[in-house]
Amino acid sequence: MKRFSIPPDILERLHFVAGARMGLTKSRGEGEFTVYEPRNGAVLTKFLAADKQSIDRIASQAHEAQRKWANTPWIERRQILNGAAHLLRRHANEIAEWEVRDNGKPISEAKADVLSCADTFEFYAGVNLSGEHIPYGGELSGRFAYTRREPFGVVGAIGAWNYPIQTASWKIAPAIACGNAILYKPSPLAPITSVLLAKVLHCAGLPDGVVNIVQGGAETGAKICENRLIKKISFTGSVGTGKCIARACATDNLKPCTLELGGKSACIVFEDADVEMAVHGALLANFLSQGQVCSNASKVLVQRKVLEQFTHQIVHQTENMRIGDPLNESTHVGACISEEHMDKVRQFIRTAVDEEGAKLLTGGERITTIQGLEHGYFLSPCILTNITPKMTVYQQEIFGPVLLIIPFDDEQEALQMANDTEFGLAGGIFTKDLARAHQFAARMNAGNVYINTYNDTHPNVPFGGFNQSGYGRENGEASLWNYTQIKAVFVNTSGRLDSPFA
């Protein structure tokens, strides 16, 4: 294992290809991207996007590297993945600081993200990639079949900006554990920590060319989807982009894709719930990472008997959250990813309050009073009431720190509102009646349901959505099926095979 350190020139070379960081000096693609630091609004770095020629060259190198990697003994692969986990834990603080500068989330959350990435690599270091034995003749017929799980070859993956290093880990770890090579494109809004992850893997002993980081935007992503050496696509991001990727994968260069898209989830608080727990759950469901979480439950449905108590407590706790420098350990709320995105969230709030009749209980203001960070993209967590199903905030994914309190009278009404969406990523239930919780969970149209908690994730539990929230799964053994193909092998050991024409 090699020694890992943060490169002093990390901002200058943000492509990672064939085991080394590199910067492009020219590109026929999308040109130059500017990266801003969310906490202060300053320019962090600039980079040139990878063009078609670069993608084709890197995919070819990855194709060659994958052949050797797939033949690497499993024990060696396991040692490399465990080595990466070890380095991530050892350097969690340093990497987390760059995650904050890259993304704007509080340092406490960034550290937890890096440590969860270590867990992910450790989990996939221990998986058992096995097939099945399938008898199909009589007991003594000498005929049976077995299946093999085989890698696709080169995988193309496109990540999101809200969990930069975690999204990269969720895709890279299972892909390489299954024997694939990968081209990973992070969001151009948060391009840095995926490069650090690639360097961690290099230091852990991963052969050159197995993991490659290419930078760019939509055009670069399209070229990844179109490349004929890339046999599988995995994407995390918006529904609109996900549909574009699905169309690209279904044209003349047919390939499977995994899509983890947006959501418009609900958290249901029944009258028998522990109200303090439910308040904490609603905070988890709305204000982590400045509300920029795909599984968030912005629709908080509260049974009328506990509505007043719940509302009082959650407003009080929200107003006591500390908004500040995300590099400060005491900060609860960091900065939105960009000024453009922050303004989009503020427009949701203005439309709801000024045009559609919602009531603002707290928050929703840009914060410009943090010393030294006056130009950062800080937005105070917002709570709205008097919500109706026709409102924009009720129907659309906000992807920001905006919580809607919506009363309900009975279980059927709550279920109808929870399922009143084209999405299906997540949902939460708070109640002391676990029989009701399990029955309600079964009727929710969501890929992930939380009972008396919210936004839990773990490497050994699958994560993904229904309906417009995508298909395929991240994490768990289910993720292994996304990065392998099934081969069926039919065997005849009887020593005879009759002619079909006798």
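Backbone N, Cα and C atoms are what each Cβ position is placed from, and that goes for glycine too.
Annotated domain 'Aldehyde dehydrogenase' per TrEMBL: 28-489, in sequence order. Positions annotated as active site by TrEMBL: Glu260.
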DSSP three-state assignment (helix, strand or coil) for Glu260 (active site): strand
Residues satisfying Cβ distance under 8 Å from Glu260 (active site), sequence separation of at least 6: Phe235, Thr236, Gly237, Cys294, Phe463, Gly464, Gly465, Ser469, Gly470, Gly472, Glu474
Reported mean pLDDT - the domain 'Aldehyde dehydrogenase' (28-489): 97
